[in-house]
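Working notes, beginning with the structure itself.
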């Protein structure tokens, strides 16, 4: 029983005996008897790396525990039964009164009796630590190691300094040569030789940066048949080189795993990677199209289109391919969304020209399809019909028009236009006549080609509509306030028929000023006297009062069917007393333009014409509304300086602080910002572009600060 107790760890079965504050220095003595267990023994009079040194008298420090509280004891006098070889777990019995100094129990042979005992797990740990401490550190004393221990009172031994020249010449990365078996080296050399021979056999010269064919993917067919033959020969040579050799089966495992994760089989992915020299993109393209190139049989035909940004390897794969009837790859899809290539240009041009001669059948054809196929340019686009606006940069007003036209088809006209829903038969008749007469007038701002004028449209009253529609459908103001109101109620009268507007605002502040369309360039009515269809256009002698002028340079701005961007902006004309006539040549140009491409269908009223107040003289410091070129909207600005030519001025946009040079015709007084609301009057009227008015407010909104740009 006693033996079992001695061999048991006291921390598991011991009873608390030592006071809690024995380590605090306040306890002066401990009254025995008591049994404590040795946890650790250390000779504090010798260095730790040589505790058995006899240079100084031995003084042992013992870590003792009663199973709950640990304390430290000092060998005050020599203990005969305790040494450094006494294992932890040994039990000692303290007799009498044990003096305590600064938390240390003072032990000697008179108050200490060794009972013995062996705690197995404590002894194993202790023996392991002792065996490891015997290992000497071999790098002591050499370069880079710790300095050797020098006993106190002795001088440091001088170590011979290492020659710096020897250090410079020493190779720090000297590796011991490992002799490999002869057979392994021979096999490696054979593989290496085979790989070199395979590369040399292909004799393929690498040209970086695209070589002489850089940019051929951007110019379809630019290389010609000669380039195709050269590339086919290179492809055949490359394919033959792939078909033999030691490493022909090796593929990039990472690329293989990437393709298999997309759902392709491992064998198909491996074959595709082998066919395209581990080019992941080319391999994916071949797998997506389902046509794997056969290396030995030469380049097969592949049904892929040439998109933007194609690599040369992909170009080689499709040299002899024919373009599919529909987009079959990602590149075909991107090609339809990005850039304007010649193929798509011809396709869209042919579609737009075919629409010139076909008549609309219903509202969907009149509205939605025209939005998809007509050219709605932005303000800075001013080329002919061979150039299109960016596909992804439609102004917000066009998007609103599409939504509004769809709303009209699904829900009917807005409820606020009750006066225009009086008779469905009148509406149908008006729509039919509207489609006949107005298709000679495209809605977009860009001037197209003036050279196409079908004779059939001349017979259908295209001349008449091409003159009336700019006044009616483009949101221009014509006549004074009373005349316009009268015109709304009397649709078939001959007083102001060509100058009324759809969804028009009557600004009473400018009753004496008359507005014109950007494309109206005639000053008399001689051309229109023999027009048969009075429903499409009516004019009388009062038409001569509405002299239309080109604000900037008159007829000289039109040349070869093109007009400069600045010349396209017109504004209100001086009062009736101003007499400026344009030439008959301008009239013919206008009609040719208006009949070049016909469109019909619901169109929202466009931004009212930018006003040029001809009689207004600007001075530096004047506040105004200036047109900003990017979004084609008016913002509050201040005139900073006027150009000596009298055509432009430098303005500072008040809310943004940036300076821009603006044409004087694109500057108007600050009072022109106000718009007056008009009541619900008028019936169905020509110039509505196939749809009743949706709003009495102009498309050009009031000033709203745009979002901050990055």
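Note that Cβ sites are derived from N, Cα and C of the backbone, with glycine treated the same way.
Range annotated as region 'Disordered' by Swiss-Prot, chosen from 206-227, 228-249, 250-271, 338-359: 206-227.
Per Swiss-Prot, the listed range annotated as region 'Disordered' is 678-710 (candidates: 645-677, 678-710).
Segment annotation: Swiss-Prot labels region 'Disordered' over residues 288-328 (candidates 124-164, 165-205, 288-328). Counted with DSSP, the domain 'Tudor' (617-677) comes out as 7 helix, 30 strand, 24 coil.
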